[in-house]
Amino acid sequence: MNIGRRDLICGLGGLAVGGAMLGLGSVEARAAGQAQPASGRFDQVGGAFGWKPHKLDPKECAQVAYDGYWYKGFGCGFGAFYSIVGLMGEKYGAPYNQFPFAMLEANKGGISDWGTICGALYGAAATFSLFWGRKEVHPMVNELFRWYEVTKLPIFNPGDAAQGVKGDLPMSASDSVLCHISVSKWCYENKIEATSKQRSERCGRLTADAAFKAAEIINTKIDQGKDFKSTFPMQASVSSCGECHMTKGNDANWAKGIMDCTPCHSGTAATQNKFVNHP
């Protein structure tokens with residue numbers, strides 16, 4: 001069969017248009033597929049805890065977390081989370097680099113300045129649950145949070161790269177995972193205003209410290225698997241108070257939580273009734 005030049009050109013043009021339409025159709029199909037649940041309500045693509053964890057250099061994570069803290073003012077939760085998942089995205093691509101990282105900005109100031117959980121701790125702990133379920137994450141969070149309660153921080157020092165205040169900062173153990181207590185105690189003991197650059201710098205460095213520790217925990221978890229255990233014992237106050245207040249069947253079993261009891265219930269000057277005869 002003889003094919004003329006005109007027929008050949010028309011045929012190629014038709015193939016090109018057809019191929020483009022097929023490509024458009026596949027893009028639309030993918031978009032439609034992404035808009036739908038994996039198989040039904042509450043399911044997700046890849047399954048729960050379906051992402052693969054990768055080892056990271058804790059020192060690199062710390063620096064990225066510190067820089068992330070200052071990035072657009074997104075703060076501690078963003079910096080800590082990005083230092084793990086964002087770095088995996090930079091090194092390994094999808095799905096890590098597809099996460100909407102800016103949503104972690106909500107954790108700034110203990111979640112929109114409410115002073116609840118330290119945003120750096122939340123950002124770091126949230127990364128664990130991308131890879132492992134509750135039972136496996138529990139000892140990982142215990143390790144991170146109990147470390148934070150008892151360790152004198154900040155350890156990280158950015159040197160001349162400091163974005164708030166250069167030089168050493170006072171170090172202390174917060175005894176609490178709550179932003180309100182951690183910040184207030186440090187500011188009170190060191191006579192530093194909570195709205196100061198020094199306080200912001202401390203939080204930036206704490207973000208780096210939390211990221212460093214979280215990366216260490218993830219690396220160890222990858223090596224040890226289900227054998228991973230927290231190296232920190234239960235706090236003495238939780239063990240003692242829990243005998244009554246966290247024991248099933250006890251009339252006083254109305255307390256929930258395993259954070260250190262003493263910062264809120266020790267009866268110190270800071271925990272007395274401040275609404276009576278307050279100046």
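Including glycine, each Cβ sits where the backbone N, Cα and C put it.
For the [2Fe-2S] cluster site, Swiss-Prot gives C76, C118, C179; the one candidate out of C61, C187, C203 that the record lists there too is C203. Between the CA atoms of C179 ([2Fe-2S] cluster binding site) and H265 (heme c 2 binding site) there is a gap of 17 Å. Nearest by CA distance to C261 (heme c 2 binding site), out of the binding-site residues C118, C203, C241, H245, is C241.
With all protein chains in the displayed structure included, the most crowded Cβ environment within 10 Å among the binding-site residues C179, C203, C241, C261, C264 is that of C179.
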